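Working notes, beginning with the structure itself.
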Amino acid sequence: MPLHYYSFQTRCAHWLLARISLFQSVCLLLWLGERAYHETEPPIHPWIVYTYIGSGLIASTGITSRFLTRLSLTIILLSQLYITYVFCLEKRLGYSKCIRARISLRCLTTIGVYFRLLGVNGYNDKRKQTDSHNNDNQVDQLHKIKPTTSVYAFGLTIMSVSLCLLSIFCIPVEIFQLDRDIQLTEINSTLILSMDNYISKLLSLILGICLLTAGIIYSIPVIIHDHFLLNNTFSYKNYLFQFADYLIGFSFLILSFIRDCNFNYWHIKGCEFWLEIRVLLENITILLGIFVINDLLINNSVNSLNEKYLKTLKVNSKSLKSQ
């Protein structure tokens, strides 16, 4: 469907999501420039930086012009995989495990969103192309769509893992205490409220439960193996995925405003200003991604229902004429 048929909010989300790699490239340069004040060599080789920025520019142009969209999105996905590896495992960065965990888990969630975006197009193509009156055509279309639906399910699995880990670091309960230092650092980052404040603990508990619930819902494709993507979009599982996306939207909005915007706290913990901006960009990418995914699936479902209704009307009109 052409983009001008969508609502203003959806077009804004598409516009921002198509250009998010440009913002991330600029943020990377500013982050490296900020680190240049206290180190002689960059933690990333210059040619890798040039490649990252060039690929981001090309991919953003491709998505904006709607030319080779899937290839452009794949390039952004590969760039995101590399930057996640850098933040998580590159020793020259010198970050504590708390900083590494919060950045890499958000980057990992973004990777899951990109995989889901790659899976949406194939899912829509399948629904539009399948002919229920031709069994051979059904087999061919199922063969074509299977890798794409697997990509969508793989994205859900990645998001399930990252969200469950994020929830463990948020819930202020000892039974969920995977790492005490990371948990205390995350909870203490709440703006205005202190660790001893009951409101802070309650808020952390609510955020942790929301993230954990969303992670468990996303794990359904792993726990229950079936062709859930080949069913009606408004099936109970897709309702669950939509509910999980709402939970993520609520959780990351709260995290962005009350924790990730606490620049003074994270600066004391060793996080540079532009690295914290990168964390906020990851949050924005996640929010935009789940909004676009849900909007595409819902619009596709409505269009499919309209197409079926029109086909039924045509068949009925032909039968009346023949009579």
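Note that Cβ sites are derived from N, Cα and C of the backbone, with glycine treated the same way.
Because TrEMBL annotations are produced automatically, they should be read as predictions rather than curated entries.
Annotated transmembrane segment per TrEMBL: 12-32 (among others), in sequence order.
Within the chain carrying the transmembrane segment (44-60), a Cβ under 8 angstroms from the stretch's Cβ atoms is held by residues 18-22, 24-25, 28-29, 32, 72-73, 75-76, 78-79, 82-83, 86, 90, all 6 or more beyond its ends. According to TrEMBL, the transmembrane segment annotation covers 44-60 (among others).
The transmembrane segment feature in TrEMBL is assigned to 67-87 (among others). Under 8 Å from some Cβ of the transmembrane segment (67-87) lie the Cβ atoms of residues 21, 28, 43-44, 48, 52, 55-56, 58-61, 93, 95, 100, 103-104, 107-108, 110-111, 114-115, 117-118, 121, all in the same chain and six or more residues away from its ends.
For 151-173 (among others), the entry in TrEMBL reads transmembrane segment. For the transmembrane segment (151-173), same-chain residues at least 6 beyond its ends with a Cβ under 8 Å from one of its own Cβ atoms are 101-102, 105-106, 108-109, 111-120, 122-123, 179, 182-183, 186-187, 201, 204-205, 207-212, 214-216, 218-222, 229, 241, 248.
As annotated by TrEMBL, transmembrane segment applies to 202-224 (among others).
Counting only same-chain residues 6+ beyond the ends of the transmembrane segment (239-258), those with a CB under 8 A from a CB of the stretch are 156, 163, 190-191, 203, 207, 210-211, 213-214, 217-218, 220, 280, 283-284, 286-287, 290-291, 293-294. Residues annotated as transmembrane segment in TrEMBL: 239-258 (among others).
Taken from TrEMBL, the feature transmembrane segment applies to 279-298 (among others).
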Contact set, same chain, for the transmembrane segment (202-224): CB under 8 Å, 6 or more residues outside the stretch: 153, 156-157, 159-164, 166-168, 170-173, 176, 186-187, 190, 193, 237, 240-241, 243-245, 247-248, 250-251, 254-255, 258
